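Got a structure for you, questions after.
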Amino acid sequence: MPPAVGGGLAGSELRPRRGRCGSQAARAVGPDVATEATARSPKRPAPSSRRFEAPGRWALLALVTLMSFATRFHRLDQPPHICWDETHFGKMGSYYINRTFFFDVHPPLGKMLIGLAGHLSGYDGTFLFQKPGDEYEHHSYLGMRGFCAFLGALLIPFAYLTVLELSQSLPAALLTAALLTFDTGCLTLSQYILLDPILMFFIMAAMLSMVKYNSCANRPFSAPWWLWLSLTGVNLAGALGVKFVGLFIILQVGWNTVSDLWHLFGDLSLSMVTVGKHLTARILCLIVLPLALYTATYAVHFMVLNRSGPGDGFFSSAFQARLSGNNLHNASIPEHLAYGSVITVKSARMAVGYLHSHGHLYPEGIGARQQQVTTYLHKDYNNLWIIKKHNTNSDPLDPSLPVEFVRHGDVIRLEHKETSRNLHSHYHEAPLTRKHYQVTGYGINGTGDSNDFWRIEVVNRKFGNRIKVLRSRIRLIHLVTGCVLGSSGKVLPKWGWEQLEVTCTPYLKETLNSIWNVEDHINPKLPNISLDVLQPSFPEIMLEAHMVMIRGNNGLKPKDNEFTSKPWHWPINYQGLRFSGINDTDFRVYLLGNPVVWWLNLLSIALYLLSGSIFAVALQRGARLPAEVEGLLWDILLRLCAWSLASFSLAGHVHTLGILSLLLGIAYSFYLFHPLAYGMVGPLAQDPRSPMAGLRWLESWDF
């Protein structure tokens, strides 16, 4: 490949590898080709001009950083009320301050950092974060917003340094910084209490660290090499610790590492011992270190959140027993199940919850119009059931009667304590799951019919065994139809209060959907045992937390009438999102990318693919490209335009004018669209009197 290509379009593919491999490539070119390349290359900057290059880079970095922080911290206190998902992540920050356990589908690091920022800035964790639009009033919220804005502001200098390291082109780095600085979408996401700026910070930091340690390839095992390699691992742990989408930067770094090791393995000047040292260093810094930090994040998470809270029901009974304030914590309950006991029945499938009923009926056309039976993830009195014999109405708690334990294979009734209706099934189809039977609450004061009878079985036990609370895994088999009680995990519509569907499945295959355990157990006639023996180990807790998160992510679905967008909407900037305000009297913030920036990106992708193909064909046919063709796409195109001009002095002006035009155009577009990020008051853009009316370029933009 001709050296005249320099650091062109394909980046690392067109640039010889630094270090030993790079030097070998240079020797392989040969003196004749090198002389020819030197003759073709234009004059390099004189030594006197190089003295000003480093100060210029630092001055530009300072300017970029100043602009970044100025745009991110401007009007940070506006609006002084909850915006969009601040409801969730501000509330979760409060949970950390109050040490209250909760459940979220994302790993904990981002919320922990938000809580820490709030605590350090004087927020006491008492604001409820109930819904968007609620005023913060006297509560301190700027510390949490400021923390997110600080990390969001660092994205721009990180991107500047990354591109500068890759391309060695100041115009390319400056253009990159301008695209991020003046993008209203990136700005909006950076100014509020969200996970997005924290995630983007760790992703960009990991990319910068990776590029930096690549640049130290000619000095392996030096202090800077170890520093950047270790920082890459730290930032990978941070990205994954905020959201699972951080896996994408892990894949990027993984691919870079595999490629790097493959090149080292092919360098015959290196001994296998040296290659082994390189491999060990990557394993330690990019696998062991991130895993250790990621695990430490969860250790802190579980240590801080040691009080019972709204997330208890997503986890197993043994997990809940470790939470202070939970009814299972330091509790003593009867060990074996007996008739007359008041119990809760919990699904063994994580994030499904408790067998539940309430005084609402299934709507017309949904099976029999009888009382709804669902599963519910939170502690509730409607989760309580009384276990009774199927063939008698005598009170098992009568002191004159002996205690009779429930055993494997017994036929029982479960009477809902709050409504006195029996757990019931029949041949009507379930609400959501076809070919499954409906489960209802039926009867009056515990009196129903034979469709209320269930055979209780302990998984992997023999007939006659007693049933242990918490530890016995049980199934409930309907006596008449032979179906098995289970939860499909499907979310019911609003008529079912968006709880989860319970069905009776005729398919007897043993799955977690149809396995339950008895959790709460109240029976005054029985002695109690301590539940301390159920405390799970840290590995068990961490494994369960991940299983619950995976289950929660798989179950995410938009609710009725909830704003949704299609996957293709966001890349083309087709539709935005209201962060705050809906009418002309509200302070409105609208999440929408700067259309000039976003559409320029789309154009750049197309031009990159086209020009890359043209350059590849041209190089294969022996074409010679100038050394100035370095950096990123627009820098390349402008240099090619300049190169095509006859006058070298004019060429330099064309390149400079092109870069300045792009920068000014991007800045001006930000001037036009900045009210989207910083807030608008007055007529909506649909109104011709609105100052934003002329900027509503697409009908789908409803700012």
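Note: Cβ is positioned from N, Cα and C throughout, glycine not excepted.
Just so you know, TrEMBL annotations are computer predictions that nobody has curated.
Features from TrEMBL:
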type: REGION; residues: 1-51; note: region 'Disordered'
type: COMPBIAS; residues: 1-10; note: compositional bias 'Gly residues'
type: TRANSMEM; residues: 170-192; note: transmembrane segment
type: TRANSMEM; residues: 198-214; note: transmembrane segment
type: TRANSMEM; residues: 226-255; note: transmembrane segment
type: TRANSMEM; residues: 279-300; note: transmembrane segment
type: DOMAIN; residues: 334-390; note: domain 'MIR'
type: DOMAIN; residues: 403-459; note: domain 'MIR'
type: DOMAIN; residues: 464-521; note: domain 'MIR'
type: TRANSMEM; residues: 596-619; note: transmembrane segment
type: TRANSMEM; residues: 657-681; note: transmembrane segment
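How buried are these features, and what lies next to them?
When pLDDT values are averaged over the domain 'MIR' (334-390), the model yields 91.
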Report, as numbers and ranges, which residues of the same chain sit near the transmembrane segment (170-192): CB under 8 Å and 6 or more residues beyond its ends.
56-57, 60, 64, 67-68, 71-72, 76, 83-86, 145, 148-149, 151-153, 155-157, 159-161, 163-164, 200, 579, 589-594, 597-598, 600-601, 631-632, 634-635, 655, 659, 662-663, 666-667, 669-670, 673-674, 676-677
What does DSSP give as the helix, strand and coil breakdown of the domain 'MIR' (464-521)?
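Counting residues per DSSP class in the domain 'MIR' (464-521), I get 6 helix, 27 strand, 25 coil.
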Which bits of the chain, at least 6 residues beyond where the transmembrane segment (657-681) starts or stops, bring a Cβ under 8 A of a Cβ in it?
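Sequence-remote neighbours of the transmembrane segment (657-681) are 74-75, 78-79, 171, 174-175, 178-179, 181-184, 187-188, 191, 576, 580-581, 584-592, 594-597, 600, 634-635, 638, 641-642, 691-692, 695, 703.
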